[in-house]
Each structure stands twice: as structure tokens, then as C-alpha cells.
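Positions annotated as transmembrane segment by TrEMBL: 101-128, 134-151, 187-212, 270-287, 299-316, 353-372, 421-441, 448-465, 480-510. Annotation comment: TrEMBL describes 534-680 as domain 'STAS'.
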Amino acid sequence: MEQHVNLSEVRPPPTPYRLERPVYDEAYLHSQLLHPKDRSPKTVRQRLAKQLHCSSERAKAIALSFLPILTWLPSYPVKEYLFGDLVSGLSTGVMQLPQGLAYAMLAAVPPVYGLYSSFYPVLLYTFFGTSRHISIGTFAVISLMIGGVAVREAPDSRFTIQAPNATNGTYGDFIDTEARDARRVEIAVVLTTMVGLIQLVLGLLRFGFVAIYLTEPLVRGFTTAAAIHVFISQFKYLLGIKTDRFSGPLSVLYSLAAVLTNIATTNLTTMFLGVVCVVFLYGVKYLNERFKKKLPVPVPGEIIVVIVCTGISHGLSLSDNYQVDVVGTIPTGLLPPSLPDFSLVPNLVADSVAIAIVGFSMGISLAKIFALKHGYSVDGNQELIAMGLCNFVSSFFQTFAITCSMSRSLVQESTGGRTQIAGLLASFVVLVVVVAIGFVFQPLPQTVLAAIIMVNLLGMFKQFRDIPGLWRTSRIELTIWVVAFVASVLLGLDLGLLVALGFAILTVVYRTQSPKTVILGQVLHTGLYYDVDEYEEAVECKGIKIFHSNSSIYFANSDLYVNALKEKTGVDPLHLQAVQKARKRKLKESAGKERRNQKSSEKMSAIVKLDGDLGVTCEVVSGDDSQNHMDVQQNGLVAEARPESDSEEAQFLEPLGPVHTLILDWTPVNFIDTVGAKAIKLVRGPYFDFYSTTVHSEHFYKMLRWKRSFDAHVLVLVMWNFAECQTFVMSHCPENTTSLFYALSWQMIKEYAAVDVCTFIAGCSSEYFQEILG
């Protein structure tokens, strides 16, 4: 019969090791052990010459970094990669067509500009991008942000004209849609130019790290709110309702209220067609996800819907017979390049910055995911340059801002795409449609595009599943998610992003201002220290408190830190000072009584002596219980008792509290601000001297210099390991000595110095203090 053996029962106990290392102080380190290298500072001319130096190797490196396609195209394995890239490119291009038309509606421009935005940027990214799998092009969030700016700068009210009604001949208010759309295109183009310029400049200045300030909870909450905006904005197209388009704070509520107010004007044909498309697209998306491993390529549900509904609309004349809104005129061919209207720039600077950062953060986050999955690296700075060039150059050909699309990127990667050859082929598919057969999609109902947009938002709505996980792992990150979502929904995407970013920065301040503080205890027979409130095996050593805080120390949290220290350890220097002053006052009063008793005794002795000379026998007893008594004998000898001050002195020398040593673990501290540095310099002279060393063994006890008096110097000893501090305290500090290992408020150090406290810092670099103290 087999017997199951628990490996933990047969595993041998860990072998103990004892390490002995020499102790070095700062003077020895910098005079004997370490010698700085001789470095002559380079002049400005030398630095410029080095930066502007040109050689064949440097030129090649610059070319390869600026054109990443040159690193992989010469060695492109045609037989291995070409078929996968071909299938992936066709699949992505077929998906890009309807999304380009649909997202143009979000950007408040005619649908053909979505096709332009699906061609030029994709073509450029093939040459300048470092990711091999992401699909560049139109994206719902960026399109909605552009549309919000376009509607704000060119509202319908500015293009209202009076024209005769063809039915009854009366004059009424009408919107000049051609002039409105032309103005909104100008705004979107200038905004795209600014976005590309900002991204390009940030990339050249090596600011690729800027995306780290948009944390993942912030981005996911923001994109979920954007999905709410997009979803509600498509209701009027799905139902065929005529309403105004709103922007700014509470725009989502105004849009929803407008739809509900005009719900009676719903076009039933439009609604029926849209709902059927939503159901069909959702079913196709479910099947593609369910049978992802069995299907060679995903079923192109979107292009199927577009082709079928275009045919139905053309055959039944839905626009004329049933008043179904359609895409309308799609000009054939590409537009010639033209300069944007830069007079609009002053009103678009803030919006362009927000769109540039959001677009880049979405692109680089998805690019890093695919790079990690497939074992290559992406350059954040080059990605900024690539997206900047895509937006800046393409804007001269009447495009709007683009970024990476999650749904298309997943299709491009899952259908076998290995390189950006797939993206290049996808752009050629769009080019063929724009140049040759764009007019075919003119009868396409807008409700079909709305259905495509709504179904594609399902992935973003799944981000609501983040809430339970963040509730269990990090309440602060959950708060960031919720604030980003609520602020973006209510205030709009531009102001919501600003509020969310500010709140995320405040959470960093909050985490450092209110850090987690615990008392550490030692796990018996080990060198491990854990929270005594959380683990039963962690035991405090008698008379020693190890205080741990997971934050740096600066002006915003120093007071809170001190309060937490007092609360956790029960050691309050003000209380200790009050106890010590009371003992000193009591000792002083006892000394005064002793002197008065002594004078009274001398006087009484003189009287007794006089009476003895006269032959008088008497006995004098003090009336106060606390005074000494004397028995005067008949022969003139006087017996005096010692005052009862020994017990008072012993009481004064007793420890002020049960905690004789407080060790502060300062290992998480990585900076102190100038306020702390100035306080150190002020306190250093009149109150204590600084000595710093690195502790590795018991020999450092020889370095300690302290003075046991009320005007003692306080020694700040820099240690790397708080466990060694505790070892030193238990080995060398007597129990009746009040020693404090402390490292926080220099004002507190001054207060502890007044009660004869020796101060130590555990876990801090000694070089830092040398730099601060000069």
C-alpha cells in the first residue's frame, strides 16, 4: 500500500549561517576604501560635438531607430509569415471599413472621412511603428472626444437659416448641414494636426514615460465612461430620432433626455433594422469567441451586415419610401493635400493635449501586451513619434485623430498576423473602396453603423467586472476607477480626464500622507519580523518597540507620522518630560526639606549641648513624620538618623516607562524634503552631533559615544537593518536606560534629547545624511 509522505515533515531544518563582516565608518570609506575617479567636466562645445558627431554606424543606428521597418523587413520570412499576414490583413481591412464609416459619425464628420482616417495613418505606421500586431485607425473614444470638440466649436445653432418650406410655402428654420459639416471637418483636421505635433515633440524629447501617469484603473474607468457616452449618443441613430447633439458637462444626461422626450417620433423601420443588426452582430461575436480555436478566421459579421443592409436599402429605397437616414454622398478618390486653418488653434490646445495623451496611452498599453506575449520589445518614444507622424502628416489629407483599436488588434493578431504587413494590406483594402467602390455604400442606413458601434462597445462594458476585483485588492485603485468613470460621465471626457488625473495624483499624496503603520515582532528562532497584530508567531521583545511605516517622510505627513508613532508604541516624549520634571521637582523639594532639617538639627544640637553643660536632661522629637528625630542623652551625645532620601533618589532613577527602546524601521523611506533638511541643520548645533556608520556586527558598539546627562549629545546612527538594532539594544543597553531608536521628526529628536534619549536611525543610507548636512 502506498503511503503519502508530507514533504514538510521530512524536510531537514534550515542550516544556520553566521556572517561576520568588518565595520566601516564614513571617514574610513571615503579616505581609505573608496577613491573617486578623476572626471574632468566636458565643455559645451565637447558635448555638442559628441551629440552632432556623424559616422556610418551612428547614421545607421538613427535610421534603424526612426524606421523600425528596416530592422525586420530585410529578413522577412516570406514562406512562414506571408500567408498569415495576408489573411490577417484582409480580415482587418474588412473590419476597418464599417468601423471607419461608423466612427466618423462619432467624430461629427461625414462618413468618408472615417475611410480617409483608416488609410493614411495605417500606411504610415507600417514604416514608423515598433509594434507588430496593433491595428492603427479610428477608435470610438478618440472619435467621441473629437466629436465633442467639433460640436462645441461649431454647434447647429450657428448654421440655422430660414428657407421656404416646399410643402406649404412658409419660411422656417433649417440647418445648413453642408456648411456645418465643412466647418466641423476643419476643426477636426486642425485638432488632429495639433495632436500629431504634440505627440511628435514629446517623442523627440524622449517623453515616452508620460503615459505612466494614466494608471490602468484610471484608463479603464475613463474608457468605460466613454463607452456610456458613445452608447447613448447612438440611440438617436438606432431609433431614427432627430435631436440635437450636446457637448460639455451633463451632455450625456441631456442626450438621454432628448431621446426620451422625442421617443414618440421613432422611425419603426429604422428601429427594426437596427435591432436586427444588433442581435445578428452580437450572435456573430459570441460565436467567434466561443469557437475561436476552431475557426480559421473570425466570421466578418460587420461587413456582412454592411453589404446586406446596403443592398436592402438600395432595393427598397428605404431613404425615399421610409425616411430612413443613410450615409449619403461618398466622393470617389482621395482629396488633395491642404493646409489646416491654424486660426482655430487657440481654442483647441487643451483638447489636443488630452487627446494626444489618451491616444498614446491606449496605443502603448496594447502594444506592450502583444510585445510581451510574442517576445519582442516596443519603444515608447518611437511609438510617440510614429503616432505623431500618423496624425500630423495625415491631417493634411483631411483625416481626424487615430489610435490603436482593441477589437481590430485582436482580430489582426488572432488571424495569424506576424508583422505590420497585415496593417499595410488592410490599408490597401480601404484604399480600393475609397478609390473604386465607395459610392456603393451611399445607401447604407445610419442605424446599421450605430448597431456596429454599440456591439463593439461590449468589450468596454465588461470593464465593470474590475469593480469586485479592485474591491478585494485595492480600495484606493477602486476609488480612482469610480472617480474617473463618474467624472467622465457627468463632466464630459475632457474635464473628466482632468479630474481623474488630479484625483489619481492626490491618491499618491494620500498614500504617503496616511501610510500603513504597524508594530513589528520577531518570529522566534528566525530573523524575520512581521506585524504583531496580523500574525500570531510575531512576538515583541520585552521593552522594545519596532515601528514600521511604508512611506517617505515629508512636510505633509510628518505630524501624522508622529501621532501614529505615539499611538502605536505608547511612547510620548511630552509625557516623559512631564514625568521627569515632576520627579526633578519632587527631588528638589526633598533636598530643600533636608537642608531645612539639617539647619534645625544644628540649632537643636547647640541647645542640647548647652543644656548638657548645664546638667539638664531632655529629649526632643520632631513633630513632622517626615523629619528626623534625635535622642539626646544625659551625657550630651546626640544620635541622628539619615534622611529618607535614598528611596526618592532610587525612584527618580527608575525608567520613565515600560518601553526602554524604540526602533524605527526606515527602510521604505526614499526622500526627505527641504523642510526636514532645514530642521536637521537647526537642531544639529545646539542639541546633538551626528555620527553615521553602517552596522554589520557587534563591533560597532565601540563607535558609540554618548553622555548620560540632561545636556547629553544625541547620536544619530545610520543602520541598514533594524534587526541588528534590536540585537544591539538587547546586548548592550541596560534595562533602566531609556534609549530610543528613532528617525522621523527632528523636532521630536530635540524633545527626546531633553529627556536624555539616545536616537538612532534604522534602514537609511548614510550618504543621504552626509549630503543633507553638508
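Each residue, glycine too, has its Cβ placed from N, Cα and C.
All annotation found in TrEMBL is predicted automatically rather than curated by experts.
Just going by CB pairs under 8 A, the stretch in 187-212, 353-372, 421-441, 448-465, 480-510 that sits most against the transmembrane segment (134-151) is 353-372. Proximity of the transmembrane segment (448-465) to the transmembrane segment (270-287) is established through 3 or more Cβ-Cβ distances under 8 Å for residue pairs spaced 6 or more apart.
Averaged over the domain 'STAS' (534-680), the predicted model has a pLDDT of 64.
Listed by sequence, the residues of this chain that lie at least six past the ends of the transmembrane segment (187-212) yet keep a Cβ under 8 A from its Cβ atoms are 107-109, 113, 146, 149-150, 153-154, 340-342, 344-345, 348-349, 351-353, 355-357, 359-361, 364-365, 379-396, 398-401. Beyond its flanks by at least six residues, the transmembrane segment (101-128) meets 66-69, 135-140, 143-144, 146-147, 150-151, 181, 184-185, 188, 230, 233, 237, 245, 306, 327-331, 334-335, 382, 385-387, 389-391, 393-394, 397-400, 402, 420-421, 423-424, 426-427, 430-431, 433-434, 438, 441, 444, 446, 449-450, 452-453 of its own chain at Cβ-Cβ distances under 8 Å. Most Cβ pairs under 8 Å with the transmembrane segment (480-510) belong to 353-372, among the candidate stretches 299-316, 353-372, 421-441. The list of residues near the transmembrane segment (299-316) in space but at least 6 beyond its ends in sequence, with Cβ under 8 angstroms from a Cβ of it, reads 91, 94-95, 97-99, 101, 273, 277, 280-281, 284-285, 287-288, 322, 324, 326, 440-441, 443-445, 448, 451-452.
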